[in-house]
Amino acid sequence: MLTAMLLSCVLLLALPPTLGVQMGVAPLKGIRRPDQALFPEFPGLSLNGLKKTTADRAEEVLLQKAEALAEVLDPQNRESRSPRRCVRLHESCLGQQVPCCDPCATCYCRFFNAFCYCRKLGTATNLCSRT
């Protein structure tokens with residue numbers, strides 16, 4: 001039993017050198033710069049391509065997106081809008097992002113915001129209620 005255990009320990013200690021695993025400081029002697037440490041056996045590979053930070057890459061992506069948006073949102077090539085960009089009094093303003101045509105009117109909603117229309121609201125603090 002003891003001989004089997006000693007034999008297995010010797011084999012485990014002798015296995016890494018036979019497989020070519022280099023242990024110790026010897027492989028690190030030829031490394032002078034950090035970019036040589038990645039793959040010293042391949043001189044073409046280095047960390048130069050990996051040195052870009054994520055902030056630089058994110059900035060490049062944002063610049064590309066901004067250029068693409070500038071091309072899409074060119075004001076000369078934009079389609080003409082409809083002439084009416086407001087909601088008249090007593091017309092539905094439900095789900096619309098345009099204001100009421102009358103500056104004294106607001107979008108008034110009833111029945112749990114299911115029915116909305118432009119309406120003049122008269123209050124004492126509202127300057128439009130006097131007219």
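Note that Cβ sites are derived from N, Cα and C of the backbone, with glycine treated the same way.
When the candidates Cys86, Cys109, Cys116 are compared with Swiss-Prot, only one is recorded as disulfide-bonded to Cys101, and it is Cys86. Within the set Cys116, Cys118, Cys128, Swiss-Prot assigns Cys118 as the partner of Cys100, by disulphide bond. In this structure the C-alpha atoms belonging to Cys100 (disulfide bond) and Cys86 (disulfide bond) are separated by 5 Å. Distance noted between the C-alpha atoms of Cys116 (disulfide bond) and Cys93 (disulfide bond) is 6 Å.
Checking Cα-Cα distances from Cys86 (disulfide bond) against the disulfide-bonded residues (Cys93, Cys104, Cys107, Cys109) with a 10 Å cut-off leaves Cys93, in sequence order.
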